[in-house]
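Participant: According to TrEMBL:
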- His317: active site, proton acceptor (ACT_SITE)
- Tyr52, Arg193, His317, Arg320: glyoxylate binding site (BINDING)
- 105-107, Ser134, Gln156, Tyr158, Thr184, Lys293, Ser315, 355-359, 378-379: FMN binding site (BINDING)
- 1-20: compositional bias 'Polar residues' (COMPBIAS)
- 26-429: domain 'FMN hydroxy acid dehydrogenase' (DOMAIN)
- 1-31: region 'Disordered' (REGION)
Amino acid sequence: MSSEQKPVTTRSSYQKTIYDSRQPPPLGTVDVDKAERIAREKLRDRQDAYMYVFGSAGTASTHDHNRREFDKWKIIPRMLRNVTSRKLETTLFGVKYPSPLLLAPIGVQGIVHSDGEEASAAAASNVGVPYIMSTASTRSIELVARANGSGPRWYQLYWPVSNDITLSILSRVKKAGFSALVVTLDTMLLGWRPHDIDTAYLPFFHGVGAQVGLTDPVYMAHKGLKPYSEDDKPAWPYVPNHLDELIRNGDKDAQERSMLGNGWISETTPGVFKTWDDLPFLRQHWNGPLVLKGIMCRQDAELAIDNGVDGIVVSNHGGRQVDGSISSLYALHQIMQSPKVKEAQASGKLTILFDSGIRTGSDIIKAVALGAQGVLYGRPYIYALAIGGQIGVESQLRAILADLDITLGLVGYKDLDEIRGKADEILVKD
Ligand SMILES: Cc1cc2nc3c(=O)[nH]c(=O)nc-3n(C[C@H](O)[C@H](O)[C@H](O)COP(=O)(O)O)c2cc1C
């Protein structure tokens, strides 16, 4: 992969094109409430799939905290500065990207659109935004890489219990051109999600979201089977009752996928907790950037430095794992109070990324001012996928990047270096 990624051709000029042509964007603005409503309507026959995306753990209080913390921080606009020419460029792990935005790893995208992860990976590539592929995808590693083409891509690992399976995944990921490994720490056990429990909805139990496993030679050998073709994908739409019926009626394919999906859950969200002592195994077998996702406090950020990882994602998984938790933005602020973290960031030893609650350009400015070098965009792009597939995701990405570029100029800054870590000057909190 080249160290210079494709430029985003669609920042503030995207807004001008919309007004000039009198053509509203096909789908995306940054009004996520509206996108949520449209996606819900579009998925009216599959409310369980919509709720899988929308829902959070317990009472959804953590998700609410994520958004409320953004509202507490406010930007102070500055005037009469020459910010006519602006740049969103961001360097992460030595690679220059056109913006600080990355697509968050989101599993099971095939429940909301027939093109699933292929659509999002292709959209990300067209806009120059790195695509972080989830271990819980409904497409194989190889198929996502093909859809992403020459775009930048990272891989998110739900860390399997079996080391030989982990090694097999790492080797496939490397071969398929994924440059960074993001290890999610907060989901070694699935959170208590009432909205899914109410409908007993978990696609993995039908093998949906287990495509990385189904196409893995080592995982499949554990089951005494040959891997499925890398082009294999689950049937669309995913209708749990229909698959239950097939299984009851002895359909061999449905039965096998269900058995394999069950096994994949036991490998990847097993309820068996890894510890810091297990990290050297990954360090030893992955020579690219190693990033820990789910760090929520200063002590763990410092431990990440001690354990030689290259980056962290400050994240509470969009509030889907722990109810009643601190917000992710609050955690970022706390973590950045650590002199050790600040020093590691300044020296290039530790890269700090952020997610959980990013909805608009001004949210990105706030997260960057509080110290983030890059931000992961989550649920909004899945609503866009549900509404309009690849075009929907592209439209949503162009919108948030245009919003970021415009807002950056209007508050008086010409690039992200001018605001990174400068919350004291740029923001106030009430
Ligand atoms: C439907 C859904 C599936 C997700 N799947 C994964 C996943 O497979 N791996 C992962 O690390 N995070 C996963 N996440 C969490 C996201 O990567 C990200 O942390 C979260 O969406 C951020 O919150 P926000 O969408 O409210 O901004 C998922 C989130 C959602 C909404």
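The backbone N, Cα and C atoms fix where each Cβ goes, and this holds for glycine too.
Automated prediction, rather than curation, is the source of TrEMBL annotations.
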Participant: With the Cβ under 6 Å from ligand 1 as the test, give me the qualifying entries from the recorded positions Arg193, His317, Ser356.
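Facilitator: Going through Arg193, His317, Ser356 in sequence order, those close to ligand 1 turn out to be His317, Ser356.
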Participant: Among all the protein chains here, how many other CB atoms are within 10 A of the CB of Ile358 (FMN binding site)?
Facilitator: 27
Participant: Which chain neighbours of the glyoxylate site, leaving out Tyr52, Arg193, His317, Arg320, have a Cβ atom within 8 Å of the mean position of the site's Cβ atoms?
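Facilitator: Nearby residues not in the site list: Gly55, Ser56, Ala57, Leu190, Gly191, Asp196, Gly318, Gly319, Gln321.
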Participant: Sort the binding-site residues Thr184, Ser315, Ile358, Gly378 by C-alpha distance from Tyr52 (glyoxylate binding site) and give me just the closest.
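Facilitator: If we rank Thr184, Ser315, Ile358, Gly378 by Cα distance to Tyr52 (glyoxylate binding site), first place goes to Gly378.
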Participant: Counting distance between Cα atoms, which of the recorded positions Arg193, His317, Arg320 is nearest Ile358 (FMN binding site)?
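Facilitator: Going through Arg193, His317, Arg320 one by one, the Cα closest to that of Ile358 (FMN binding site) is His317.
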Participant: Can you tell me how many other Cβ atoms are located within 10 Å of the Cβ belonging to Ser315 (FMN binding site)?
Facilitator: 28
Participant: Round to the nearest Å and give the CA-to-CA distance linking Gly378 (FMN binding site) with Arg193 (glyoxylate binding site).
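Facilitator: So the alpha carbons of Gly378 (FMN binding site) and Arg193 (glyoxylate binding site) sit roughly 18 Å from each other.
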Participant: Over all shown protein chains, what is the count of other CB atoms within 10 A of the CB belonging to Tyr52 (glyoxylate binding site)?
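Facilitator: A 10 Å sphere around the Cβ of Tyr52 (glyoxylate binding site) contains 24 other Cβ atoms.
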Participant: Compared by Cα position, which of the recorded positions Arg193, His317, Arg320 is the closest one to Ser356 (FMN binding site)?
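Facilitator: When the Cα distances are compared, His317 comes out closest.
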